[in-house]
Amino acid sequence: MDERIISSETVDAEEVSFETSLRPQTLSQYIGQDKVKNNLTVFIEAATLRNEALDHVLLYGPPGLGKTTLAMVIASEMGSEIKTTSGPAIERPGDLATILTSLEPGDVLFIDEIHRLSRAIEEILYPAMEDYCLDIVIGTGPTARSVRLDLPPFTLIGATTRAGLLSAPLRDRFGVIDHLEFYTEEQLTEIVLRTSGILDTKIDDLGAREIARRSRGTPRIANRLLKRVRDFAQVRGNGTVTEKLAKEALTLLQVDPRGLDTIDQKLLHTIIQSFRGGPVGLDTIAASIGEERETIEDMQEPYLLQIGFLQRTPRGRIATETAYNHLGISYEKEV
């Protein structure tokens, strides 16, 4: 399957390395998410003044909005070391126990995709989060006994794209729960200009805004599009990313003015032309366009809902009049 240039997931190790090189180090350098930043600034300063670990933090929202970056920034602001892992990587209770017992006082433990932890793993986390202790069972059968190990004060930062899949007991143990929202065009323009400076790429304000406009409210996509448009500027232009060049390059990359690609358009066309605009169930849509249900839920639907192209109802998904207009299809409202 071909790489989607507007996918909000990281594509490969090279892109992970690229993102790491762009990451801000402080909250003041972090662009966007102002409400989240303002609250975290207070919480971090208060914890520092009390010489305590920051409360456990849950960050949730669509992929590519900066959850991992924000976790790194929090650790940096606290002057703490950060250890990173992910839900799928913690397969056995012993895996988590090894990580927890390696923590030093004040460390930050970042668990990406925390919703994918098994219930058995979650149960080990409960006392670790609440009481900074770890209950382990030694032996088996009638001779088995439980031993409690003390852990140093630490901060757990969990990140998820699907907060609804977290169990209530785990969710309730986070003292700080923040939702990361899609970025505005102005914020993404600022991000594109910042990234172009790091990449030593010449770009004008209108060129940056054109890239931002097609970036689906997502910094990861904005940075990826900038890299590709930069290639066109060097090969087919004079090295400077202008509005005209950005439009031409993104059109060739099949990213339309609202940030939709051929897969998004296929989804909308299917709802409109095969199912009379809906409502139609997500499983039916997935089967019709050859995509996984989870891919549509995580990668396509949030943005299409955000820009008003889709509506989610108890009976299924509906394509809106705005979607019809964008695709140039006549909209006839049923009476």
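Using N, Cα and C of the backbone, Cβ positions are placed for all residues, glycine too.
Small disclaimer: the values here were computed from a predicted structure and weren't measured.
The following features are taken from Swiss-Prot:
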| type | residues | note |
| --- | --- | --- |
| REGION | 1-183 | region 'Large ATPase domain (RuvB-L)' |
| BINDING | Leu22, Arg23, Gly64, Lys67, Thr68, Thr69, Glu130, Asp131, Tyr132, Arg173, Tyr183, Arg220 | ATP binding site |
| BINDING | Thr68 | Mg(2+) binding site |
| REGION | 184-254 | region 'Small ATPAse domain (RuvB-S)' |
| REGION | 257-335 | region 'Head domain (RuvB-H)' |
| BINDING | Arg293, Arg312, Arg317 | DNA binding site |
Rounded to the nearest Å - Cα separation of Arg293 (DNA binding site) and Glu130 (ATP binding site): 36
Per-region confidence, the region 'Head domain (RuvB-H)' (257-335) (mean pLDDT, whole number): 92
For the DNA site built from Arg293, Arg312, Arg317, further residues of that chain with CB within 8 A of the site's CB center: Gly281, Leu282, Ile285, Ile296, Glu297, Glu301, Leu310, Gly316
Using Cα positions only, nearest of the binding-site residues to Arg317 (DNA binding site) (Leu22, Tyr132, Tyr183): Tyr183
Secondary structure composition of the region 'Head domain (RuvB-H)' (257-335) [DSSP: H/G/I, E/B, coil]: 42 helix, 9 strand, 28 coil
Pairwise Cα distance maximum in Å, ATP-binding residues per record: Leu22, Arg23, Gly64, Lys67, Thr68, Thr69, Glu130, Asp131, Tyr132, Arg173, Tyr183, Arg220: 37
Spatial separation of Arg312 (DNA binding site) from Leu22 (ATP binding site) - C-alpha basis, Å: 35
Distance in Å spanning the most remote Cα pair of Arg293, Arg312, Arg317, given for DNA: 14
Alpha-carbon distance [Arg312 (DNA binding site); Glu130 (ATP binding site)] in Å: 37
Sparsest-packed among the binding-site residues, when each Cβ's other Cβ atoms within 10 Å are tallied, from Tyr132, Tyr183: Tyr132
Rounded Cα-Cα span from Gly64 (ATP binding site) to Arg312 (DNA binding site), Å: 22
